[in-house]
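Participant: If you scroll down you'll find the structure; I have some questions about it.
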Amino acid sequence: MDKNALEFLEKYLNNAAPTGYEAEGQKMWMDYLRPYVDEFITDNYGTAVGVINPDAKYKVVIEGHADEISWYVNYITDNGLIYVIRNGGSDHQIATSRRVNIHTKKGIVKGVFGWPAIHTRDKSNEQAPKLENICIDVGCSTKEEVEKMGVHVGCVITYPDEFFILNENKFVCRALDNRMGGFMIAEVAKMLKENNVKLDFGLYITNSVQEEVGLRGAEMITQRIKPDVAIVTDVCHDTTTPMIEKKKEGHTQIGDGPVISYAPAIQNNLRELIIEAAEDKKIPFQRLAASRVTGTDTDAFAYSNGGVPSALISLPLRYMHTTVEMVHRDDVENVIKLIYESLLKIKDNHNFSYFQ
Ligand SMILES: [Zn+2]
């Protein structure tokens, strides 16, 4: 990961891209990716795809998602407080006492999620923060005052937290889920270019919108691309921090390498190709099993177009959907390497069928 890559990552992370409003981040991402691809496809909802070998018949997707969780303004009280609803899996438990950015046509309006003082709370019946009791204060005393600032029902709300590095190799930021995915697939394209690799199939480097509300961007773009193979990357949980039950969530941790998933949506022969790539190149990896669905865009690709061989390579992450999500730099580099090496093993017209 060179200096230029790290600079891009920081800029890309610090830009807010809430679900439904990913376009600015996508432009940034396309600018970074442009030297490494032949052309771009974009769709009406903002998904962006860099294409290498657009004329090739056999199509391979590598994919991450561009959006981040946020809140919507839902209701403004007469005395100027703002109640919210989720846009994606935003966490009510971490909201209180946080600063927020409300996105309006007039620009960012700053606010805070307030919370009653410890002195005034009923100690025998402590309330946990929940959607019904958290609200944003923008420093106004009437609804009219709030509206005059440009805030209305439907405005989206993000956290201002920015990228930083802890102890040399832990990246911390909001929205590492899944801004890291877009970053890592772009780095794969860069590696292909720098190593002068001529792929004999079409490569579709796909940054999908609207994953956080149910894999919607991937559902749309897979119909457009009609890929033959899809390798998806997203984040998964580090399960070694407190209050996580390993018997339920499995054991995966940051620093121990990319996480390869087992699930019905994962095509076994494609997964084995990825594991072979890891073993051949001595890339460390971990395993994770998912019951029924992976909950990632993998499901959207797998169950489209009559069944697309799909696999999932995840980046382990601590504190998902908080403002201090954390990943290990070595894992980031190893996910990039693993996607790259897997692509080198895929041949034109590669047949993944179980019946050959
Ligand atoms: Zn997420």
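Each Cβ is built from the backbone N, Cα and C atoms, and glycine gets one as well.
Positions annotated as Zn(2+) 1 binding site by TrEMBL: His65, Asp177, Asp234. Sequence annotations record features per position, and here TrEMBL assigns Zn(2+) 2 binding site to Asp177, Glu212, His321. Residues or ranges marked as active site, proton acceptor by TrEMBL: Glu211.
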Participant: When you measure from each Cβ to the nearest atom of ligand 1, which of the recorded positions His65, Asp177, Glu211, Glu212, Asp234 fall under 6 angstroms?
Facilitator: Asp177, Glu212
Participant: Using a 10 Å cut-off, grab the number of neighbouring Cβ atoms around the Cβ of His65 (Zn(2+) 1 binding site), all chains included.
Facilitator: 31
Participant: Write out, in the order they occur in the sequence, the residues of the chain not among Asp177, Glu212, His321 that have a C-beta within 8 Å of the mean position of the C-beta atoms of the recorded Zn(2+) 2 site.
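Facilitator: Nearby residues not in the site list: Glu68, Ile69, Gly88, Gly89, Ala175, Asn178, Val235, Met320.
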Participant: How many Å lie between the Cα of Asp234 (Zn(2+) 1 binding site) and the Cα of Glu211 (active site, proton acceptor)?
Facilitator: 10
Participant: Helix, strand or coil at His321 (Zn(2+) 2 binding site), per DSSP?
Facilitator: coil
Participant: To test your reading of the Zn(2+) 1 site: which residues beyond His65, Asp177, Asp234, same chain only, put their Cβ within 8 Å of the Cβ centroid of those residues?
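Facilitator: Nearby residues not in the site list: Gly64, Asn178, Met180, Gly181, Glu211, Glu212, Thr233, Val235, Thr296, Asp297.
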Participant: To the nearest whole angstrom, state the Cα distance for the pair Glu211 (active site, proton acceptor) and His65 (Zn(2+) 1 binding site).
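Facilitator: On Cα coordinates alone, these residues lie 6 Å apart.
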Participant: Can you tell me how far the Cα of Asp177 (Zn(2+) 1 binding site) sits from the Cα of Glu212 (Zn(2+) 2 binding site), in Å?
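Facilitator: Computed Cα spacing between Asp177 (Zn(2+) 1 binding site) and Glu212 (Zn(2+) 2 binding site) is 9 Å.
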Participant: Quick one: of Asp177, Glu211, Asp234, which of the recorded positions has the smallest count of other CB atoms within 10 A?
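Facilitator: Candidates: the recorded positions Asp177, Glu211, Asp234. Fewest Cβ atoms within 10 Å: Asp234.
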